[in-house]
Every structure is written in C-alpha cells, then in structure tokens.
DNA sequence: TCCGAAAATGTTAGCTACTAACATTATGGC
DNA sequence: GCCATAATGTTAGTAGCTAACATTTTCGGA
C-alpha cells in the first residue's frame, strides 16, 4: 500500500510530525492563556505526547519560541563593511545589508512567536539572552577587523538590542513587512548616515 | 544594659542584619562555586536562616544580584536634552550627563555583583530584563518629548544595551573607574558627536 | 518590669521546570 | 516478517518558588 504514486511528497517522519504538533499546540495555548499560565504538561497533552517527550524536542519551555538561523549571513555582511567606519556603524550597516539581501520569510508563524515573546516580560530577557551566540559572532568579526574587544562588545550588544526592539515593534504592526521594520530600527541608531 | 551611650549609631535592626547576611553569603558562594551550582538552600543555611526566609527578602534567586536605583536621575537627564537631537542621541547623551553628575558609588560590592552577572550566561539575559523598568521610563520620556513610540523603543533598548555592556566590561577591569567605563561605552555608540 | 501587638521566622505541603536511568513500543530497511 | 534503532513512556528525583498556618522575637508602652 505504500506504492510510489501515493502522494507527491514524502510523508513527514514521525519526528517531524511530533515536532509540528508540539509547536502548534504551544503557540495555541500561549496565545489563549499566556506563556506563564501554560504548562509544559498541557502542551504535551495537547500534542498527544508526554511531558518527557517535550523536553526531548526542546531543552527548555522557552525554546519553543526562540530560534534564529541567520547568524552566518549577518556576520559575513558585517565583515564586508569598510574598515574605515567605526565598529558600531559597521555592525549596524552590516545587519542592514544582510537583511536587504534576504528573502521575506514565512512571516505568519514567526510573527506569532515574536508577538508572544514581546508580550511576556520574562521572555523579553530570554530573547536577548538567546542572541548570545549572534553577539559573540559579531564581536569576533569586529575584533578580527581591528576593533578593541570592549568596543566591539558594546557595539554588538547595542545593535542587536535595536534589532530585537525592531522585531518586537514589527510583531504588533500587521501592516509592516519585516524588512521595513528592520530598516526603521536601524535608521534610529544609525544617526550619522 | 541598653543604655543610651552604648554605641554611636543605632544597632541595625534584625531585618537589616539578615539581609546583609544573605547578600554576603550569596556573593561568597556564587564566587566560589558559580551561580547555577549554588542553591538557595545553601545560601540560606550559610546565613543562618531558612530557604523560606530567603524568598521573603528576594522574590527570586537572581534578585540577590540585581537592583538599580538610578532610574529617576537618568530620565531627568534625558528630558533635559535638546529636542532638536534625534531620540537615540538624546538617550545616549542624557545617560552620559547623568553619570557625570553622580558620585562614584561604593564600587566593591557592585563590582562583585556585576562580575558574577557578566560571567553567568543565564544572568546576562536576566540583567537585561531587569532593565525593563528603566527602559519603560526612558521610552516614556522620549515619547513625551515627541518621539514615535517605536523609535523610542529602539533607542532606549539600544542605549541600555550599550550601558550594560559597558558595565560588564568594567567589572573585569580593576583599573577602570565606573564613570570611565560608562563614558567609553557611550562613545562607542555616539558616533556623530 | 512585664505584656501584648506586630514583625520575623519556621513548618509543611505542593506546583512547575527540568534531569537521569531504565523499560517499552513503534519505524523502516533488509 | 525480522531486527536494529529511533521514538516514546515510566518512575523518581532536584531546584526554584508559592501559600497557609504555627511559632518565636522584637520592641514600645502600661
């Protein structure tokens, strides 16, 4: 019965199905009752699975909302900025350039996630912490290009904070595209343009 | 025996003594074994008190390290900036002005706390979240002065991130004063000076 | 000096996030 | 259909944190 002409694409594996079920159940419940009021056990049950399984897919409750696959593109773009600019401007303009070159992602799910994060105080902090890898990568790139470590640290933290703030603002404005929101956020801090 | 000429200053109340014991025990243990490896029960026991009592003094474990009494001075200084400048510069320069006017605080304890926070990944996020009140206040001030809310949000987040990054850098450099570190951090982002 | 209200602390019990060790079931290639 | 292995379940436990109630300590006034 698993003949070749059955379906066009491969049926998703069990792992993929469970993952999708957990994400969907989590977003639903977070939106309905709020992040803190929602229990991992509830999410698991709604996805037809046990609490233990949830933690096999996400190391922590908040990980259901946070992941960012953009790091490599960002740091490449920052490295491409002219070294005559100060580190802060290189970081800001590198991120801007990277985002211009990216296609608009499937925003609906992303917007749901960012909106929940933006509205949950505990998660705003978690969001910033989750940018830790990106921050380290940016610092490394800036230092490689000759910046002092402390200066690079300040520049990276500051630019990333602006980016996150722009994301939060975008999540609440249905009319804006992600690219527009990022541009606006970077305009705010890139005052010497 | 409780005659008036006993001691020069009032003996600290029991509440003050317990608080001091908890803070000292917490810093000691965090420095020795790290933040995550230290248990609230351990801190309480070292301070001669119960776990429950700890939570009567601090709403959460991380609160032993985080508190910032500087908000009012900051927002007043931001409000005093010329409105002809864009919001981002008003925020950055307001903070700079405020810090110039402040006396150097008793740095030893502060430095210990910041250093622990800077070295514990989980606490870097918590530090940023703990700036939430300050951020709201700055946004409010900027909006009052005519900035759009989204612009104000980006400016506040970005400037505060720079400030925190400067604090973290300062905690690791014994030779620097707090004021110098703040100045340096703000120099990084205030590129149009 | 004694006393009583209020502050400070203790006790117990419980919830939720998260981890570890081990047992069980389902999947999918051969 | 068989079997290695992936996926999931079970059980038990730790740590942060909360709530309800009991007990002790402090401290100002009669």
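We number each residue from 1, going along the chain as drawn.
Cβ from N, Cα, C; glycine included.
Annotations in TrEMBL come from automatic prediction, not curation.
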DNA-binding region per TrEMBL - which of A:39-58, A:59-78: A:39-58
Positions on the same chain near the DNA-binding region (A:39-58), where near means CB under 8 A and six or more residues out: 18-19, 21-22, 24-26, 28-29, 64
The domain 'HTH tetR-type' (A:16-76): DSSP-derived helix, strand, coil residue counts: 42 helix, 0 strand, 19 coil
